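Student: Summarising the annotation, TrEMBL assigns transmembrane segment to 24-48, 69-90, 119-136, 156-174, 194-214.
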Amino acid sequence: MLVLALGSAKPVVRFVLLLSGAYASFHFIRWDTLLFVCGIIFAELRILRKSSSYTLEKLHANTTIVTTLRLASAIFWIAILVFSLFLGSWPANLACQSPGFQHICPYTPSQYTGLAQQYFWISVGAVLLLLSLENFEPLQKPFVTPLANYFGDISFGLYIVHFPFLQTVGRWIIVNTIRHTGSPGFGYQAFPRGFFLGGVLITPFIIWLADIHWRLFDVTSVKFARWLSLKCFAAKKKISSNIRGANLISA
């Protein structure tokens, strides 16, 4: 609905409103909403970048400067990628006493306490990860294959269905695979084998449910939003046309 609401706004206005929404989400500890808004912002930035005619070759005629800038850009974005993965591995416990993380911990915003601290830094890592992939094309190659595109399509469905499935059927499957795997029965040695086997068994079901969710809800929602936006824009044009006609008559 946010995309639909801002669809007819001017790019500058839309960008400012999105940034404002991102900041509000950050301030009120809605890290999940922040990530969705950042995704829209990245899409806007990609459109602007693709429509721009400026390239390094046009800005600098000297090939040595262009090569140096490309190398520096590659090193920078790879460093951002590595740092984002580091933040994404933020410990659930004792992060402020863990090597590396203890130096970042003091920079946590004051409102993010307890478990929210972990969610904040993982969210920062996710944003930096997408930012590095978006700005360094060689990193995009594994994610433009048909299989990667398919998982991109069902990604929201995976996000929605995985938790309820794991907490119901998945829990029962994993407990029983641990119980019936290895010797001595339910002992420590059986846990990794049983957990792995349970994961292998439930993963296809989660993907299947995510696929159903994508086809029933995601695709349908996009079609409905498209239909509604066309209706709204058509109504807006009709109102504008009527106003112009009324002005001409009164003149």
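Backbone N, Cα and C define each Cβ position, glycine as well.
The model shown is predicted, which means the values in this text are computed figures rather than measured ones.
Let's see these features in context: how buried, what's close, how far.
Tutor: Sequence-distant contacts of the transmembrane segment (24-48) (same chain, at least 6 residues past either end, Cβ-Cβ under 8 Å): 2-3, 11, 14-15, 18, 109, 111-112, 116, 119-120, 123, 126-127, 130-131, 134.
With a cut-off of 8 Å between Cβ atoms, the residues of this chain six or more beyond the transmembrane segment (119-136) that come close are 31, 34-35, 38-39, 42, 45-46, 73-74, 77-78, 80-81, 83-88, 90, 95, 104, 108-109, 112, 143.
For the transmembrane segment (194-214), the residues of the chain that approach it from at least six positions outside its boundaries are 153-158, 160-162, 165-166, 169-170, 173-182, judged by C-beta separation under 8 angstroms.
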Student: Quick test of the contact rule: Cβ under 8 Å, at least six residues beyond the ends. What residues does that give for the transmembrane segment (156-174)?
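Tutor: Same-chain residues near the transmembrane segment (156-174) but 6 or more away: 194-195, 198-199, 201-202, 205-207, 209-214, 217-218.
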